[in-house]
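Down below is the structure, laid out as structure tokens.
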Amino acid sequence: MERSKEAASLFSKNDELEQASSARPEMVQPRARGSLSLFNACSILVSSTGSSGIFIIMSTLIRYTGSMAFTLITLVVAGLLNFSLSRCFTEVAVCLPNVGGPYLFQLHVFGPFAAFLFIWGFLFLVIVPAWGLLAYTAALYILQPIFPNCRPPDDAVKLLSVCMLVLIVVLNCMYPKYVGRVQTLLASTKMVASVIIIIAGAIRLAQGETENFKDPFENTHLTPGNIAMSVLAGMFIYGGWQIITFLLEEMKKPAEHLPKALGISFVIVVLQNVLTVAAYFVIMTPADMLQSDAVAVMFMDRVYRPMTPVISILVTTTSISALNAVILGHSKTIFAAATRGHMPKVFATLNKRYSTPWAAMIFLSFLGIAVIMTGSLNQMIESISFFAVCMSISVLLCLLALRWKQPQSERTVKVWLGTAVFQLILNAAVLGLSVYRNPVQMTIPIIILCSSVPAYAVFILWKSKPIPVQKLLGKITQLAQKILVLEIF
């Protein structure tokens, strides 16, 4: 009997964590413990927002917009909507004592069930597809110059994607310090690639190549479903700014500098995306972009072929940089959820020598490999975009709940209430219309979200699991600890 009590349940929660999860702490102002300046914050946000999205999503976006003008309008509108949404995120982040992202927002405002539902969807609809997508993008841009007149064989892209994902996970597990040192350099390649494309497009435009601009609204798709899917794609293009919830602890005067950093960063990123896509249209028509996912390589191949390998390398390093960042960031999110009993207990462990969450990284890499081998580029993009909207709705509900429960609390960052309500209605409409437009593609994400309810009942609420099951799960945890030299926190 003693042994059965000691055997750790896969999703067991200790009493302290249970109390912490169910607590409703009063709103306090977080203290800025770091030394990030306004310039540092802008640099991080510019490099994080969008990542390699503008180099991989054009074929998906064009499929829903149909024309050059509507594509550019979508990019501007999506940028403005994301900026407005980021302000709402900032208010919630500065109001809660534990700065740690939307997962902890749900935990503190709505409790453990909402937090579990969030982390379940985040795991299967964002983390796993994002790892697969970034590895796939890097592999695609490596192989595309080898096949200049056609798409690379999908099996070859997937095989190279798996190899790259495994390599980067191993580097993050074994050499986290060295990987961190090159991260800033790798992240800067996105801006370099965009500048090269913009300059090349401007030169061709100055030389008189204006044929593609004569009828900019030709073939525009203005049905509600296509508009909703375009906004979803826009959410993907500007994804990554959610890192603001982690920057608060490290910034000087976060309440003052973070809103400024967001404004400056979004101006830069929106201009970068609009000018990059406008440069694409100088050389290529919407029909051309539908033929290839690696549009940057196709663009440079038509402008100046000797520069094609350079663009290929720059976009590849951009994707590797983003993949490197999310591997450690997502693993820490799963680690945080595991310490609160919402993920398997083995994920609340760190390797004793390297102090990195090996168990979480290895588990997520296996799921990432499975997605690469079985999924498609569009499926991964739509999955991430779908949950990005769900995440936005959940954080907006947190904001409204905090306004209702604690109306007198001091807020150093405060958005107009109408902005939050408008964003909530808009995101709900986009979500509903996207499901209406693509019911088959959206079925899997909806099923995954709904499966969180029985999963919560079985893994969290069901405390008295059979003793043999408890022993088995305890042995699995102990075996992982021994093999990977893990220490439970």
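Heads up, the Cβ atoms here are built off N, Cα and C, so glycines get one too.
Database features, via TrEMBL:
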REGION    1-27  region 'Disordered'
TRANSMEM  36-58  transmembrane segment
TRANSMEM  64-83  transmembrane segment
TRANSMEM  113-136  transmembrane segment
TRANSMEM  156-175  transmembrane segment
TRANSMEM  187-207  transmembrane segment
TRANSMEM  227-249  transmembrane segment
TRANSMEM  261-283  transmembrane segment
TRANSMEM  310-337  transmembrane segment
TRANSMEM  358-377  transmembrane segment
TRANSMEM  383-403  transmembrane segment
TRANSMEM  415-436  transmembrane segment
TRANSMEM  442-462  transmembrane segment
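Taking Cβ pairs closer than 8 Å, the transmembrane segment (227-249) reaches residues 30, 32-34, 36, 41, 44-45, 48-51, 53-54, 57, 60-61, 64-65, 70, 74-75, 77-79, 81-82, 86, 89-90, 93-94, 99-102, 258, 261-262, 265-266, 269, 273, 322, 329, 381-382, 384-386, 388-389, 391-392, 429-430, 432-434, 436-438 in its own chain, all 6 or more past its ends. In this chain, the transmembrane segment (310-337) lies apart from the transmembrane segment (415-436): fewer than three C-beta pairs between them fall below 8 angstroms, excluding pairs fewer than 6 positions apart. The stretch with the most CB contacts under 8 Å to the transmembrane segment (187-207), chosen from 36-58, 261-283, 358-377, 383-403, 415-436, is 261-283. Between the transmembrane segment (358-377) and the transmembrane segment (156-175) there are at least 3 Cβ pairs closer than 8 Å, counting only pairs 6 or more residues apart in sequence, which means the two stretches are in contact. Sequence-remote contacts of a segment are chain residues at least 6 beyond its ends whose Cβ falls under 8 Å from one of its Cβ atoms, and for the transmembrane segment (156-175) they are 131-132, 135-136, 138-140, 142-143, 320, 323-324, 327-328, 331, 351, 354, 356, 358, 361-362, 365, 368-369, 372-373.
Sequence-distant contacts of the transmembrane segment (36-58) (same chain, six or more residues past either end, CB-CB distance under 8 Å): 133-134, 137, 140-141, 184, 187-188, 190-191, 193-194, 233, 236-241, 243-244, 247, 250-252, 257-258, 260-262, 264-266, 268-269, 272-273, 276-277, 280, 289, 293-296, 315, 318-319, 321-322, 325, 377, 381. Using a Cβ-Cβ cut-off under 8 Å and counting only residues 6 or more beyond its ends in the same chain, the transmembrane segment (383-403) has close neighbours at 27, 85, 88-89, 91-92, 95, 102, 105-106, 109-110, 114, 118, 121-122, 125-126, 129-130, 133, 232-233, 235-236, 239, 242, 409, 415, 417, 420-421, 423-424, 427-428, 430-431, 434, 442, 444-445, 449.
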